Amino acid sequence: FFFFDSLQDQFDNLEKHTQWGIDVLEKYIKFVKERTEIELSYAKQLRNLSKKYQPKKNSKEEEEYRYTSTRAFLATLNEMNDYAGQHEVISENMTSLITGELTRYVQELKQERKSHFHDGRKAQQHIETCWKQLEASKRRFERDCKEADRAQQYFEKMDADINVTKADVEKARQQAQLRHQMAEDSKAEYSSTLQKFNSEQHEHYYTHIPNIFQKIQEMEERRIVRIGESMKTFAEVDRQVIPIIGKCLDEITKAAESVDHKNDSQMVIEAFKSGFEPPGDVDFEDFTQPMKRTVSESSLSNSRGDGKSEPKFGSKSKGKLWPFIKKNKLMSLLTSPHQPPPPPPASASPSAVPNGPQSPKQQKEPLSHRFNEFMTSKPKIHCFRSLKRGGAGPEDFSNLPPEQRRKKLQQKVDELNRDIQKEMDSRDALTKMKDVYIKNPQMGDAASVDHRLAELGQNIEKLRLEVQKFEGWLAEVEGRLPARSEQARRQSGVYEAQNPSGVNSCAQDRESPDGSYTEEQSQETEMKVPATDFDDEFDDEEPLPTIGTCKALYTFEGQNEGTISVAEGEMLYVIEEDKGDGWTRIRRNEDEEGYVPTSYVEVYLDKNAKGA
């Protein structure tokens, strides 16, 4: 029984150990499963992070990604998205190669372990049964031997006793012989049982139990090997994605190395370049002649009023037209010429005239004009309606600085050319279809596409007129042409005739007295705008008072808008002094007033007007 108990203890120990091995395997499976969840969560967070900082489509952010630094950042976001994808691959591979495989293996291991311990318990029960049979046979043999001895002793006692009959003696002798025979049979049976038990026991301890233990050992070793292989796979799954992750990091490094600060700076310069020239030097103002003071071309001061400087609203890049400016002043600002006046005739010199005004320097613009253009590029208000209602920008982009306007016009021309090409491609396709219909009438009616072809032709013609119009504006900006050609005028007129809705727009062309482009709106269109609540504030204003007189030194043909013709020696009234742009506003009578070059007239200012 000691051996049996010892063997039973070994089975219990093995059963506990193998169960512990299965628990370790299940614990490792749980560990890998949580790792895969972490990888998925990390990948999801990386993707969300990358998506969070991606530029939104059709937004201002998308325009900012044209710089090398922001493009590098965008490349980093894309690579981080791929980086997150590799962590998803890690999770998927660990789930399929480790978690799934080990889960199935644990189920098989449990079944195998159960089978081995069942065989062990069965062999143990069999040997215990054999042992019990041997013990029973042994006890029976011992009992029969004792019974045979007692029967022999009883027979000898009866045989020695003279008082016992012969029959009793014979009966005792037969009983003793029977007992001896039973003892011999029990002996033979015990011997046979013992021999059988020894054989079973040898088979049990040397064959069955070692085989069962061997199977349990092999099962446990396979478990150990399997968990080791899983740990190796755990590392290999990570190692497999390292090259791809390395490529992602290399691309991020490459994107970082592509950042070009010079290029980004140049792009900023191109994006915000206005095309304005910096203001010139401030000229000396001579205050020694109070009555016949000549205002410097670059002066920032205004002699009218109380001598305080006023902002120049007449520059090409005009700022705001403030609502509190009087109507006649506002009209003068909208119609005042803004280009340098023509020089006086070469045959006569203003210096020959006593106390004559100084001639403006050639192509010299006033400082206030240039400073306003250089420092501000606010959109111009094109008419009272747009001021009141906040209308859209002009069609020719004249509210932009020259360089920005050129870019916008070029983009518009390119866009229109692309639209023309699309329409021409559609027309060519329909023409081919019509030819096919003509050759094969059963395929369709050739006349059915005529209406569409006519529409395409009209669309192409309209687009071409649009291109010519914008190319004219572009030529003015790029070449600084003095004025648009008559052909461009006629083309624009044809387009306006075909599109009457555009005639009432506040975005029409305007030219300065010397023919160069100044504003986008003509005086006639501006003055014909229906009155609004905003205009009512200016209806009852008095005309500008005269501040002096002037004498025409030369004949001036005022052929351009906002100017007035004068004859040499003619006396006129001065209603607005030269503000540094080379033009003086004069009046002949109540109905005739306009601008003349300051160098063409000699101005006599009233003292009372100066102090008003």
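Cβ coordinates are placed from backbone N, Cα and C, and glycine is handled just like the others.
Record note: among 27-58, 59-90, 155-186, 155-186 is the stretch given as coiled coil by TrEMBL. Outside the coiled coil (155-186) by six or more residues, the chain places 137, 140-141, 143-145, 147-148 with a CB less than 8 A from a CB of the stretch.
Here the domain 'SH3' (545-606) has a mean pLDDT of 87 out of 100.
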